[in-house]
Amino acid sequence: MSELLKITLPDGSVREVAPGSTPADIAAAIGPGLAKAALAAKVDGELVDLTRPFTADAQLALVTAKDEAEALDLARHDYAHVLAEAVQALFPGTQITFGPSTDDGFYYDFAPKDRPFTDEDLPAIEAEMRKIIAANKPLRREVWSREQLISRWKQQGESFKAEWAAELPENEELTVYWSGDDWLDMCRGPHLPSTGKLDPNAFKLTRVSGAYWRGDQKNAMLSRVYGTGWLNKKQLDAHLTRLEEAAKRDHRKLGNEMDLFHLQQEAHGSVFWHPKGYLIWRELEAYMRRAIDGAGYREVKTPQVMDARQWEQSGHWGKYRENMFVIPDEVPNVDDEGPIVSNDADWMALKPMNCPAHVLIFRQGIKSYRELPLRLYENGCCHRNEPHGALHGLMRVRQFTQDDAHIFCREDQIVSEVQAFCELADRIYKHFGFTYSIKLALRPEKRFGTEEMWDKAERELRDAVVRAGLATEEYGWEELPGEGAFYAPKLEWHLTDAIGRTWQVGTIQSDRVLPERLDASYIGEDGEKHRPVMLHRAIFGSYERFIGILIEHFAGRLPVWLAPVQAVVATIVSDADDYARDALAKLKAAGIRADTDLRNEKINYKVREHSLQKVPYLLVVGKREAEEGTVAIRILGEQHQKVMPLDEAIALLKGEATAPDLRA
């Protein structure tokens, strides 16, 4: 008789079971309620199916809907599989590829037999998914050999799956999941016990888009079907409400209504800033300059185009070449027939980042340890060759400007420099009214440098956050294994906006690799050469994306100091035109960005129009206001108005129109 296995539960109690028993067996032994509620299990910390047999003593925690993070991920994963099964039932001959869960749902990529899918197909697919859920089909895991898997996929005409399976290691354990006895997919799992564990009213298919197989535009174009999935209808409804609110706040929509910027096909991924939008940019740029000047940074400007050999030396060519705009260093490089590239031409690249150029500035002249830290700042314009399908308004562009800085310092200065940056970022984000969380992204699997170097770099960032008093639950402190850059760990700032979304913006990274690769050095107190440590840091991330976040966070109602037009003097009657012009002159003299609206239109029409433009203050004047030297102030979003002397109104506006760092 086999020796019983000891399974330890979260409360410390131990259950003895026979080898081959499963978490589902233990759930049933505890009680029918738990057996029904259990969705999956954590065995020694690993999330597994309820039917996975025990082979040794283990720690067991049963996962139910109360474990929301795990339960949601399981549900979304299963919704993706049900989606694939439904599509193949409705559209025979469609090939399946892959479909992961996402932050708020799932998607699956398909190769349709006859035509690409469209949004019009979604209702029918949803209905078929609900049939599969209602059938309560058991989800069963099996381990297959690579040959068995390839044979199956070829037999079914699944060329994409067969291609993928053929590249898997021969000795890797490969798993498939059956849905009932008539449909299967290749998947690592885990999954829910059956399709009936999904709520048929807690998902919605949202859209269809194109996607290239393996993300390579040289490959076949697939149809990607997106969906959102939740544990119950209440969660789904709340999410859809958030989506509706997000649509109202969409920076592309508001940017058009407010006449801030536009994008067009002739310059994919590059922004055409209109006067009002560029004014916001200039205000942010001036604000950031004051902040970095006060923190001891020195502003620089570096070239847009550099020799490919520089990028090879820095390591970016090998890691990042596919995302760089590369051009031949040859004149002429184009004629009537098209591009000219000779075998003798060198290659140049538009910079995708500023860091190598800042190292080249540091290397000019001999540096002493007394000159460190040296903080170099640049509003650096960069270019990255992002796929067309990945571009999204201001949030994902090809040309962008970073509030980029690099701090060259000694080993003994790292913690204090990172701490100072943490405190600077804290002040800046609070000026914009954001709450945020801080994450420490730890070493990735593929990386430069030694283990000792990474140990030290991670410890320094952690210590700096602790010293700044930010490594607390209040600031959402969290460590993220595997999320660091290939050359350094990093701290990340995740802003929370008005509707609860998070945006990763600021970063700081300690880097010992690039100074080594580009031969940066300083003379130490001992008279010998030493390598500086390079701290890469940004607060806005990019001006484009930060402006997009601000527009959506404030729903276009920007703080008065950032509003392109801060006040409009609108007349009720033409008799007040001269008074309106005098009021405008006084507003401008006080440094307030103002305009007049003297059109022969009803005041309600003017109010509505300037509200759409998100003008913070409307100063309404008629014959009475002109005689008394007053204005009727109407604040954006409020129904009532308040009458006050013009001078008082100007004083009020001047206070709010002043940037927060300049207020007394």
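A Cβ is built for glycine as well, from the same backbone N, Cα and C atoms used for every other residue.
According to Swiss-Prot, the domain 'TGS' annotation covers 1-64.
The annotation region 'Catalytic' is assigned in Swiss-Prot to 250-559.
The Cβ of H536 (Zn(2+) binding site) lies under 8 Å from the Cβ of C355, D404, H406, A488, K490, T507, I508, Q509, D511, each of these being in the same chain and 6 or more residues away along the sequence. A strand conformation is recorded for H536 (Zn(2+) binding site) in the three-state DSSP classification. The Zn(2+) binding site annotation in Swiss-Prot covers C355, H406, H536 and is backed by sequence analysis.
Highest local Cβ density among the binding-site residues C355, H406 belongs to H406, counted as other Cβ atoms within 10 Å over all protein chains shown.
In sequence order, M353, N354, H358, V359, D404, A405, Q509, D511, L514, M534, L535, R537 are the residues of the same chain, not among C355, H406, H536, whose CB sits within 8 A of the CB centroid for the Zn(2+) site. Annotation note: H406 (Zn(2+) binding site) sits in a strand segment as assigned by DSSP. Averaged across the domain 'TGS' (1-64), pLDDT for the predicted model comes to 92. DSSP gives C355 (Zn(2+) binding site) a helix state. Within the domain 'TGS' (1-64), the DSSP-based counts of helix, strand and coil residues read 14 helix, 21 strand, 29 coil.
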